[in-house]
Amino acid sequence: MKSTMMAHPESDLMEECLKQDLKFYFMNPCEKYQARRQIPWKLGLQILKIVMVTTQLVLFGLNNQLVVSFKEDNTVAFKHLFLKGYSGIDEDDYSCSVYTQENVYESIFFVINQYHRLKNISLGVVGYEENEGDRIGLKVCKQQYKKGTVLPSNYTLNIDSEVEIDCIHLDPQVSASENSGHWMNSSFFHLEFYRLLEVEISFNLKGIDLQTIHARELPDCYVFYNTITFNNKAHSGRIKIYFDTEANIQECKGLHISGSSQKNTQYILMFDVFVIVGCFTSLILCTRSIVLALRLQKRFIRFFLEKYKRRVSDADHWEFINGWYILVIISDLMTIIGSILKMEIKAKNLTSYDLCSILLGTSTLFAWVGVIRYLGYFQTYNVLILTMQASLPKVLRFCACAGMIYLGYTFCGWIVIGPYHEKFEDLSTVAECLFSLVNGDDMFATFAQIQQKSILVWLFSRVYLYSFISLFIYMVLSLFIALITDSYHTIKKYQQNGFPLTDLQEFLKECSGSEEYQKRTPAPVTFLCCCQRRGSDDNLILIN
């Protein structure tokens, strides 16, 4: 009997400790400070981290603007240098086109001659690529059917569909005037256009971006991988000329620059190290919080099962899973990796700007989205978060159903209207066009640009567009908004009359730990606790 009486106080003490730990876990940072004098380190660190990652992103973005402008300017310059008769505006996804055999030969020889005369005609800081002192030069390849005979007048065709590739290399050290007659009269440049598929001219150039010096940074060194393609695969009487260039940053050698550029670069590297340390600290604190939350969840589930002889609901399991911590951890990892890549870029190693910008941009996005967690402690700002959480499952199910109809219209429009409308030529363009129609953009142009070569297709296009616009704007879009509005009204009703209580909230309802803490620590509120909640908002604490 005596042992039983001693067991009850012990179990009551464990229950009280569990309740107080749970109550403390679901408090906001200011309430935790008032209850146990726990300084909100994570809150301060997150605010500092937002400032740091935003500053880092702005500095990287300004530098990236110089990189992008340098690449774009060089691409335009190369097109004017190497494409004969280039107008300055690309015709479509290709740069220009030719229609006669004479124009094809002139365009090919023009590229080769311009490449040999590059040093005398180029305004940019570019030169030939060298490999251990030897210039790599220019490579010309042609693809054509192995053999064949074509007589269009009597529809005679004899083609071996096997493709053969033949290439030659031209050394830039030999001047164009000395050697032009030799390679121009070569049998390689005798093209049989009925067999020809494409001619590809590739060459590499090196360049130095000096405009970064004005931004007090070290200059960037580049290798431009240029490819000019004469595409005759359609054999339609028009050869499309494509100019593709890929610029990669290389390690600069022999840089000797006087001034403050080197010092400014060192300051930026030191700031990047500071950002990495801050994000790593945030990563450790958030990981620790998740581990503690899982331990507390395990204690509660075990105690609840022993006391009430039943399992807790699924909603109570999600109460302990704080998605904000997971978001912060992902943001910290991306910031750390992006900062390391950024430091390698500044050290002039082989690194892609694209991957670094994706990591830094996404991590900054997650960092700013994470601020919503602290705004959620206020009832006024909490409405947006709760509405998104309540409507998300219904919206996803609705979008899955509407997506089936959308895909059906996409495939139908592509196969029927594609030959008669440029916005329906490929699947991705059709999907983008239909999405813009849902938002009310470019409607008249979509109707007007359909070619009237086929009356049947023209009539079908009218039925197709009118039915899609009516269905998605007047029904699908309205129902989509109605789902979110319904969730909003439900949340507003819960805020006025109280949210439905889960097993965890019913368990904590018996706890008076918060009042005991407040009685025991009636200290003045610091500037960190300016977001103190009202007692009437206590029912919103557990809404995760």
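A Cβ is built for glycine as well, from the same backbone N, Cα and C atoms used for every other residue.
Note: TrEMBL annotation is automatic and uncurated.
Copied over from TrEMBL, here are the features:
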type	residues	note
DOMAIN	67-253	domain 'Mucolipin extracytosolic'
DOMAIN	355-491	domain 'Polycystin cation channel PKD1/PKD2'
TRANSMEM	267-296	transmembrane segment
TRANSMEM	317-340	transmembrane segment
TRANSMEM	352-375	transmembrane segment
TRANSMEM	395-417	transmembrane segment
TRANSMEM	463-484	transmembrane segment
Could you give me the DSSP helix, strand and coil counts for the domain 'Polycystin cation channel PKD1/PKD2' (355-491)?
119 helix, 0 strand, 18 coil
Restricted to the domain 'Polycystin cation channel PKD1/PKD2' (355-491), the mean pLDDT of the model is 88
Out of 317-340, 352-375, 395-417, which stretch has the largest tally of CB pairs under 8 angstroms to the transmembrane segment (267-296)?
317-340
Please give the sequence-distant neighbours of the transmembrane segment (352-375): residues at least 6 beyond its ends with Cβ less than 8 Å from one of its Cβ atoms.
28-29, 43, 46, 49-50, 53-54, 56-57, 60, 64, 67, 249, 324, 327-328, 330-332, 334-335, 337-339, 341-342, 345, 381-382, 384-385, 531
